[in-house]
Every structure is written in C-alpha cells, then in structure tokens.
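Data block below; observations after.
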Amino acid sequence: MQPATLQWSSYVLQLRVTTTAILKPGELRLFKCGLGITPPSSAVVCICRDESSFTSSPFTYIDPKDYGNIPFAVQNISDLDLDLSRLPIVLNIFALPHANVNISNLPVQRIEAHDRHIIPHGQCDAKFVIYGPLTRIKIQVADIRWIEQTPEEPTRYSFKAEIWVNLQNTPLDQIFKTGNIEFISHKNVYISRILLCGNLLILKANYENDYLLDDNFYPEQLAIQISLTPQTADITLSQNQETLLKCNTHSITVCATKNIIPNTVTPVHCSFNTIFNSNSNFTGLFIPKLLLGISTTTGIWDETRPLYITMKAFKKNRRINYSQPIGVVYFFPKQILPPGNNVEFNWTEASKIYVNTESPNGPVRNTVTFTNQAVLRTPSLSTVANLTPDINMGIFLSSLRVAFDTAHMVPLHFSLKPGESTRMEFMPPGTPQNLTILEGDVGIHFIPCHNHSHRSSP
C-alpha cells in the first residue's frame, strides 16, 4: 500500500524531473512538486543545477518559509525549444552546516587621538549604570551638528554626526568591548561606530532617509541608550551598516546599496565598506537570494576585504529597491572553506556529485554521472547501489571551485506526497543515504512568476 507521504533522508537529493511542457528560448519558470524538508538546525539548504541539466537554474539558498513545498526556478538559455518530457530538469539539493558564530557590528574601538577643538553638538547629558559585566549609558544630546554626505542612492538624504560622551569618573575597565544599541529616539538614525579615546566615548551617528517617501529632516536632539558588555564575538565587523548589512543570529543579510534597474548588458555593482575580523578562524560565503530575472555573483568573503557584489539582468523590467535583501553571508571554518576570490553569476553556477577514491598520488575526485540512464516518465525515488553510506562523496561547485565532502555536510529529511504510480525503490534505513534520486514526472506545478517577485520582502 502506498504511504500517504514518502519520507527519507540523504546528504544529497538529485531531482531529475520531467513534465509535458515546452520551455521556449529565454523562458523563465517557477515550479513546485510537493517536495518538503524538515528545517535543519544550523545549516543552510542550497540548491544548484547539475552540470548535466539542459536548463539553467540558480545557485541559491532555500528560504525557510518555503521548506514545506520548495520552489524551483528554471530557464531555457538555449536558442531552441526544450521539451521537458525528454530533457529533464536536473538539480542537486544539499545542506551546509554553517558555524554558529556570534557577530558584533559595534565593537568599541580604542584610538590614541581625536580632534577635540570643535564640539559637534550642544549639551550632552549621560547617566551611567553599572551592573558588574554590563555598563548601561543613557544619553540626552541637543543641537547636533549634522554634516551632509553623498549617498550612493541619489533619492536619499544622508548625514553624519558625532556624539561625545564624557566618561566622567566611570572606570575605563567598565567600558567593555562590545556595544549594543538599546534605544534611539529617531527611527532613521543609527550608530555606525563607537570609539574610545581616553575618557571620551565617541558615537558615530548616521541619519538616512528617502525624501521621496518621507520629507522629514534630521533631528536636532536625540535620546540614546546603549549597553557595553565584555562579550567576545567570533565575527567582528569594522562598522555597523544597519540598512545594508543586517546581522542575524549566525549570519548577515546583505541588502542593495541603491535602487537598481539593471539592464541586460551592463553589470551593476554594490560595494560595502565593511570588513570583518575573526582572528583568521572563519571565511564568509555569500549566497544570493532568488531574484527572478537577475543573476548575482556568488562569492567567498575573505577576512579583512570589503564585500563586493555584481548583478546583471537577463530579463527586462527588473527592479531592486534600496535595502532590499539580495543574499545572505554564512560563515564557515577556514579548513572547510579556504579563502578565495572566485565569483561567478549564480545562474551560471553548476554542481556535480563526486566520489573520493585513493590513488598513489593521493585522493582523486571522480564525478558521478548518469549519462547512460534513460529518462523515466514514471515517478520514482531510488538510490545508487555503489554509493553506500560508508562511501566518501560530496558536491562540487564548478565556478567557485569549492568542494564539500559529506563529512562537511548535514543530511536532510525529505518528504513528498506521492502519486499513485510513484515507485520507492528502497526502504528508508535508520542511517541517511549519501545520494537519493527523485526522477520522472512527479507532478510539477508551475507558479506564476509574480508570486515570487523581485520586489519581495525579506
């Protein structure tokens, strides 16, 4: 009797799916097939086209809100019609366990000297409350002198100011190394840096506003509450770019630095003047968000280098708004993800499955291919006989030239509501499979692309 839901686990799931549809040259489609996953702990679920696929698909992460029924994007990049009943869509799904890092974007940076000739504001009152390993400072500042900046996005106001806090008799050993903003009285103001020079605490304040949406101007006075703790961060950012690099629990959401209407010829760049320090322990991996019609660089973010991202449209009338999420940075130990400069557009990235074998000259990666396997119409779920759980295999990202062995991956729990004709050719064991293959006409349902708009919120 066919179970109501097929459930199994594996390190890599390869989709080799067919459907009775023709994909026209340049045509872009989204589809679902009822495939779901159980949310993994501390891992990012990735999807990338297999190098054997005739269709193009982006290397991207799967948004947790889509875990119940994963959407897939495909495009015909050839000049000919693609008959999807004969030429399957081939995708690889896998999960990478990222490091559970603590991220600080407001370290207290000690400096030796600062120009104190012109006080940048009027009266500044500060109250200090010390709770052992925490110092809380409540600040009231008036007559702030804002200095206009030239923002990358021309529709925005951008001003900066300094706020000087006299530490009075507060012991310097209570001015801890990690800052946290608990309250700011104006929604468009954020603190980008905290500096300590002798007995002077300097807050670098930024005011940003879109004058097309809100014509309010910068505030002349502010109330600010900050706390300082001795917490040691695994990842320390050189500054807080709150509207562009949004720190999550263990990752950073990267947002567009300007309103972008990319054309299909000229790439558009987003540069971030922030570097990170991890004491040489971690490397960042930027994985683009699925933005229909837009291809984004996938890149390794090396320590002490600014993040630089390029986007290019391959469909007309695309738009990205200022501060709209365009991807996420996850951090991995350097032993797993070596530093590198390799970046490629995510719609051109391809992956392949490999098996590690020993040779006199050391380990060799042999690509797993299915070139002689006929395209099936009957939906089935199967394994590969010689890829038992004790075989050392992995996934290779061809453009990035990064390999992830199963030792550096985490298995996923998959589920699928099968049709009456779906065959499951193995019994789910207690241990996860290395590779499972879901193939045939599994009931693809195409989704209108406007449901996953490039204007979508984070």
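Using the three backbone atoms N, Cα and C, a Cβ is placed for every residue, glycine included.
What you see is a predicted model, and the numbers here were worked out from it, not measured in a lab.
Taking a C-beta cut-off of under 8 angstroms and a sequence separation of 6 or more, N76 (N-linked glycosylation site) has the following same-chain neighbours: L23, K24, P25, G26, E27, T55, S56, L82. Swiss-Prot lists N76 (among others) with the feature N-linked glycosylation site.
The feature N-linked glycosylation site is assigned by Swiss-Prot to N102 (among others), with sequence analysis given as support. Note on N102 (N-linked glycosylation site): other Cβ atoms within 10 Å of its Cβ, all shown chains, come to 15.
In the three-state DSSP scheme, N281 (N-linked glycosylation site) is classed as coil. Positions annotated as N-linked glycosylation site by Swiss-Prot, on the basis of sequence analysis: N281 (among others).
As annotated by Swiss-Prot, N-linked glycosylation site applies to N321 (among others), with the evidence given as sequence analysis. Look at N321 (N-linked glycosylation site): DSSP puts it in coil. Taking the Cβ of N321 (N-linked glycosylation site) as centre and 10 Å as the limit, one finds 15 other Cβ atoms among all the protein chains shown.
The secondary structure of N346 (N-linked glycosylation site), as reduced to three states from DSSP, is coil rather than helix or strand. Residues or ranges marked as N-linked glycosylation site in Swiss-Prot (evidence: sequence analysis): N346 (among others).
Here N434 (N-linked glycosylation site) comes close to S10, Y11, V12, V384, L387, T388, P389, I391, M393, T406: these same-chain residues lie at least six apart in sequence, with C-beta atoms under 8 angstroms from its C-beta. Per Swiss-Prot, the feature N-linked glycosylation site maps to N434 (among others); the stated evidence is sequence analysis.
Taken from Swiss-Prot, the feature N-linked glycosylation site applies to N451 (among others), supported by sequence analysis.
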Those glycosylation sites listed as N281, N346, and which of them has the most Cβ atoms within 10 Å of its own Cβ: N346
C-alpha spacing of N102 (N-linked glycosylation site) relative to N321 (N-linked glycosylation site), in angstrom: 29
DSSP three-state assignment (helix, strand or coil) for N102 (N-linked glycosylation site): coil
